[in-house]
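Chemist: Quick one: the structure is below, questions incoming.
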Amino acid sequence: MKKIWRPGILAVLLLFGFVFYTMYLEFYIKYFPNGPEYQGIYQVAVDWVERFGTTLEPEEEAEAAGEIPALESEALGYLSANPVAQKYGLTSYEEYEQFYSRSVLEVEGEMSALMQERYADAMLLSNYLSGEETKNVQGRIYATRLYTQMYELWEQEGVNFKDKDYMERYTPGEYAHAADSFFGADNAWRNIMPPELPEAFSTYFGYLLIWICVSCCLLLSPVPVRDRMRSMRPLQWSSRHGRNILRTQFAAAMLSGAALTTVNILIFGGLFMTHGIQTFFGCRIFSFMHTGFSWINPTFGIWCLLMVLLTYLTAMGISAIAFFLSLHSTNYVAMLLKMIPLVILTAMICPPLLTRLFYYGNSLYQLTSVPGVEGITALLILAAGLVLFALTRRRQKRQELLQG
């Protein structure tokens, strides 16, 4: 293990990890939820879970819908103190919405100087009502209106789920599963889950899986090559471990890969936890809040654990493959030439593997139409690594018999 965890390679991992975080992961830490509307949706969802629990019952939805006038009054309080709103004599939130619609949404063609001024003022008001000073009251109004209306539609019609055009988007098997799982007697669709959360978290974890696999390759690959270049194998075979040294090295590599995976998950997963996503750990991943349909409907906490499990399976498989490739490399250049295709393949597989995990919209499922293909893929990657090591062991034993 000491030969694997060398200070030099740890420094390289820290440097590359920081660069990768800055390029691919930092966006999800700084900008989730992304935009005032999604921020409002997230705020409202957190509030509903804290007040009503993990599901929204009809009487609770009616209470939430009844709070819209109070939210509009809150917004009016902010508008009344705003010079721009006073300039146009806006005395209600409805008047502000009409002003914004006329000044921004309905504008076509070339704008006159007056229209440009009204456009700029409307955007100033919108940014003001969506900012921290007003606690994003505009986003909260938008989210409360949208999802109370959507809830009522799902309760009455299943959001046109029985509509022919809507049904054509799904295969008969997908439709039957969704109808049984989410529109049965337990009314699973009443669950609260902001739609951006599973989308953003799984995408974030998909990119994180790339880094985990690459970091495992960087950590594990140099050791077998260095031993070979220094002609250490004859000395290792003559030790008390004898020819079993290969098995010991493989076990050390797998333990090191698992340890590095754990460190990465704790660090980068902990960063995403700062958004307070633990509030939704008890909520199920399918919701009337337009999350999309999923093949399974565990709690968000269990779904995250499944994502972590697939991360470990994939990382261990890639670690085993990297160990095999470096074991058969005569020098560092040969090792790099073998690792580059593995890294490229990893970058191609990891995001589709975890993004929208077990949802109908998962890329691997869309490609194969096999439910649970994400888990199958992770197991195949692990199996490939173990098979390659087993073949190496078998080849070594055969050579020993020939030499004996």
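Glycine is treated like the rest: Cβ placed from N, Cα and C.
TrEMBL feature annotations, pasted as is:
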TRANSMEM  7-29  transmembrane segment
TRANSMEM  204-225  transmembrane segment
TRANSMEM  246-272  transmembrane segment
TRANSMEM  300-327  transmembrane segment
TRANSMEM  339-360  transmembrane segment
TRANSMEM  372-391  transmembrane segment
Chemist: Do the transmembrane segment (204-225) and the transmembrane segment (300-327) share at least 3 Cβ pairs closer than 8 Å, excluding pairs fewer than 6 residues apart in sequence?
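Modeler: Since 3 or more Cβ pairs under 8 Å link them, the transmembrane segment (204-225) and the transmembrane segment (300-327) do come into contact.
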Chemist: Let me check one thing: do the transmembrane segment (372-391) and the transmembrane segment (7-29) come into contact, meaning three or more Cβ pairs under 8 Å with sequence separation of at least 6?
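Modeler: Per Cβ check, the transmembrane segment (372-391) does not touch the transmembrane segment (7-29).
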Chemist: Report, as numbers and ranges, every residue of the chain located at least six residues beyond the transmembrane segment (246-272) whose Cβ falls under 8 Å of a Cβ in that stretch; write 'none' if there are none.
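Modeler: Distant Cβ neighbours of the transmembrane segment (246-272) are 1, 4-5, 13, 17, 21, 25, 28-29, 32, 201, 204-205, 208, 211-212, 215-216, 219-220, 223-224, 308, 311-312, 315-316, 319-320, 323, 389, 392-393, 396.
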